[in-house]
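Marked as domain '4Fe-4S Wbl-type' by TrEMBL: 14-70. Taken from TrEMBL, the feature [4Fe-4S] cluster binding site covers Cys15, Cys37, Cys40, Cys46.
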Amino acid sequence: MSVNGDQTWAAEALCADCPPDQLFVQGAAQREVRSMCYGCPVRIECLADALDSRASFGVWGGLTERERRAMLRRYPEVRSWETWLREADDELAAELRTKHAPHVLAHVRASRREVALSK
């Protein structure tokens with residue numbers, strides 16, 4: 001799936017030995033899958049790879065497809081998601097670097113409100 005071809009990080013993922021069907025669930029089952037991601041040593045690499053390659057399905061790096069779509073719409077200027085996730089001086093990027101469930105959709109909605117109010 002990687003756009004740059006390097007997926008060496010995948011061997012270190014906590015989900016590396018999970019059946020793929022376990023990672024491509026919908027609804028409430030996503031919450032359980034996501035919880036595995038927060039302690040994963042390669043969560044940022046996984047999420048960056050999913051965002052860079054526009055992965056449409058499954059939980060990647062602790063985010064659902066809906067959350068990833070919201071990020072892609074909110075930050076269309078990002079060219080390297082791994083760099084952005086690791087280095088951006090952005091409230092959402094900082095939250096994604098922590099080991100707890102991020103509030104992606106709340107951040108995206110709040111930033112939309114700020115833009116609308118500034119017009």
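Backbone N, Cα and C atoms are what each Cβ position is placed from, and that goes for glycine too.
Keep in mind that TrEMBL annotations are predicted by a computer and have not been checked by a curator.
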8 Å Cβ shell about Cys15, Cys37, Cys40, Cys46 centroid, [4Fe-4S] cluster site members excluded: Ala13, Leu14, Met36, Val42, Arg43, Val59, Trp60, Gly61, Gly62
Cys37 ([4Fe-4S] cluster binding site): tally of other CB atoms within 10 A of its CB: 22
For Cys46 ([4Fe-4S] cluster binding site): DSSP state (helix, strand, coil): helix
For the domain '4Fe-4S Wbl-type' (14-70), mean pLDDT (0 to 100): 92
Count of other CB atoms lying within 10 Å of the CB belonging to Cys40 ([4Fe-4S] cluster binding site): 20
